[in-house]
Amino acid sequence: SMASPALLMRVVASAYSVAEKAATIVRNVMSAGDLGIVEKAGPSDLQTKADRLAQMSICASLARKFPKVTIIGEEELPTNDVTEDLIEDGHCEEILKKPCPAQYTGIKEEELVIWVDPLDGTKEYTEGLLDHVTVLIGIAYGGKAIAGVINQPYYNYEAGANAVLGRTIWGVLGMGAFGFQLTEAPAGKHIVITTRSHSSALVNECITALNPDSVIRVGGAGNKIIQLIEGKASAYVFASPGCKKWDTCAPEAILCAVGGKITDIRGNAFQYNKEVKHMNSAGVLATLRNYDYYASRIPNTVKESLVP
């Protein structure tokens, strides 16, 4: 008889379905029309009813199946009184069929940390820039992002009334990433993707130093990593604090599963163990290819301004 799937593959398979459920919640809140917007730290740090419901759904659904896993979500929310209609019990059968990479077969529940951003790109969501929005579920082991799920609830939303809305991208280190067409940015072009709503003098100084052919400003860390793996941009550069561990965990796993690299602006790897501070206070530098080219061009003045 076949051995039962390794824990990691069961967690990823569940996270896939849980992310799809969260995407449905995100779309339903938008179509119902009352976003229930709350300002957190300021006008570009927002929370909506969709963030709240999607997080409750993701965290409660995964906690029910994997009670010993540590789950850290962006929003400060009560974990009790989650209604049954928010629980997703399904899993992706395709994922369970794939063999777990050997280095992860022995993982126990209590060794995993799941980092959840229920709605990455909230500000863009409230402004109707729906293609910027993602649902992020990142899975870490030994402080390292090893697997992730990114759902784009509004993928294809401009393709007309009959288009299938949304898609789910997933990946595991040592296995690869699936649900999209891996594409490299045009050779010899330096296309930098950066923040849309958190710009600053430092952010701009850093980008200018890279002398890019073009700069794309969009919301959402998940969205920016997707632009890298689909060849729309060559480097994601954000010389500022503001990005958090739940923004980078899932995207990091998917990017690294296809041979990319992500660090802070100073070249340090991100740590994802449960005790770690949530803020990536030294910013983000990510590429699918040619990481060293961009890393070598970050000015020392920029590095010195950002303390990990």
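Glycine too: its Cβ is placed from the backbone N, Cα and C atoms.
According to TrEMBL, the features are:
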BINDING   Glu74, Asp117, Leu119, Asp120, Asp247  Mg(2+) binding site
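Recorded features from TrEMBL, shown on the structure.
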{"residue": "Glu74", "record": "Mg(2+) binding site", "Cβ contacts under 8 Å, 6 or more apart": "Asp51, Gln55, Val116, Asp117, Pro118, Lys244, Trp246"}
{"residue": "Leu119", "record": "Mg(2+) binding site", "Cβ contacts under 8 Å, 6 or more apart": "Ala22, Val26, Thr48, Ala50, Asp51, Ala54, Tyr125, Val133, Thr134, Val135"}
{"residue": "Asp120", "record": "Mg(2+) binding site", "Cβ contacts under 8 Å, 6 or more apart": "Val133, Thr134, Val135, Leu136, Gly220, Ala221, Gly222, Asn223, Asp247"}
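Apart from the site residues Glu74, Asp117, Leu119, Asp120, Asp247, the chain places the Cβ of Asp51, Val116, Pro118, Gly121, Thr122, Thr134, Val135, Leu136, Gly220, Ala221, Gly222, Lys244, Trp246 no farther than 8 Å from the centroid of the site's Cβ atoms, the recorded Mg(2+) location.
Around the Cβ of Asp117 (Mg(2+) binding site), the number of neighbouring Cβ atoms within 10 Å comes to 31.
When Cβ atoms from all protein chains are considered, those within 10 Å of Asp247 (Mg(2+) binding site) total 27, not counting its own.
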